[in-house]
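Reviewing the structure listed below.
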């Protein structure tokens with residue numbers, strides 16, 4: 001195995017150990033002659049013989065199985081239906097994250113923004129409980145990812161090819177930020193509601209934060225506070241407002257005063273943004289031959305009711321809530337079948353480079369700027385911020 005494949009395998013080792021279904025792999029590994037029968041037996045006896053111990057030993061031994069070990073292993077994952085893991089390894093093996101510039105090293109004596117003169121500012125804010133949320137527990141909190149890929153025929157919604165890549169990236173990212181990540185795939189509208197209710201009813205008393213990520217098709221919806229809705233695999237929508245309110249102080253008292261973060265990769269409507277002409281500030285981001293898809297679905301006119309201003313003004317303002325949308329309400333959100341969505345790809349890159357030093361709002365502004373410069377059709381992420389303080393993720 002070459003050094004690049006070895007580093008890739010080690011980088012994803014934690015995810016593989018947690019998610020790899022080794023009992024499904026043995027026949028595939030033998031048929032491709034990656035391992036001999038006696039080697040498989042040794043792996044099965046590793047440690048206490050648990051699934052994690054076997055997975056850990058398998059990843060270790062794989063490094064010594066020749067130059068084609070990783071591509072053969074990926075094909076074994078695909079054969080046994082472990083598509084998310086296969087997509088993560090295959091995508092990272094073929095592509096490099098390079099479109100977001102890394103911070104430059106400061107010159108001697110430079111104390112401007114980005115230089116050493118600012119290095120202590122984020123740390124000072126982190127330690128001030130009046131200005132920043134406390135994020136000190138281990139783990140920080142729960143992170144639920146709902147990844148809807150395949151939809152029923154009756155729904156007339158297309159398969160969201162590339163969503164498994166998004167899911168894998170976010171699973172790794174929030175794990176690295178000290179969250180307990182749980183993934184649920186292909187849920188109906190009712191199942192989505194039940195999964196969210198179950199999460200809200202847990203005891204979060206010893207935790208500092210909660211994250212919900214939803215990857216699905218979306219549409220417009222009547223709302224008072226938070227616009228939009230996401231579809232279950234049965235084609236029925238669940239409003240974002242309903243999802244957010246599941247975690248309010250009444251339904252989820254153990255998260256009272258703690259940040260509740262929602263990241264939504266779904267369309268806000270059907271409009272395609274052609275953008276407007278400005279002086280170019282960055283090279284064209286659309287990769288040659290790419291054919292991005294949208295997560296839009298038809299908006300049902302007869303389902304719309306207009307908001308009443310008086311009703312809005314009488315609602316209490318939600319607190320400690322942050323909702324990040326992949327696109328501006330009313331517009332489509334683009335997803336590349338081979339590399340995942342523009343929003344998640346950018347979010348992952350920004351978090352990797354800047355989460356150690358910048359607060360959540362600053363990170364999402366970077367995401368909005370980077371995504372807005374991509375493609376022929378345009379996309380503008382945004383967020384609703386009802387946090388009372390700055391939020392810095394735990395990165396070490």
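Any Cβ shown, glycine's included, is placed from N, Cα and C.
What TrEMBL says about this protein:
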ACT_SITE  217  active site
ACT_SITE  267  active site
DOMAIN    1-92  domain 'CARD'
DOMAIN    139-271  domain 'Caspase family p20'
DOMAIN    311-395  domain 'Caspase family p10'
REGION    95-114  region 'Disordered'
REGION    274-298  region 'Disordered'
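Residue 217 (active site) is surrounded by 25 other CB atoms, counting those within 10 A of its CB over all protein chains shown. Each residue of the domain 'Caspase family p20' (139-271) gets a DSSP state, and the totals for helix, strand and coil are 38 helix, 36 strand, 59 coil.
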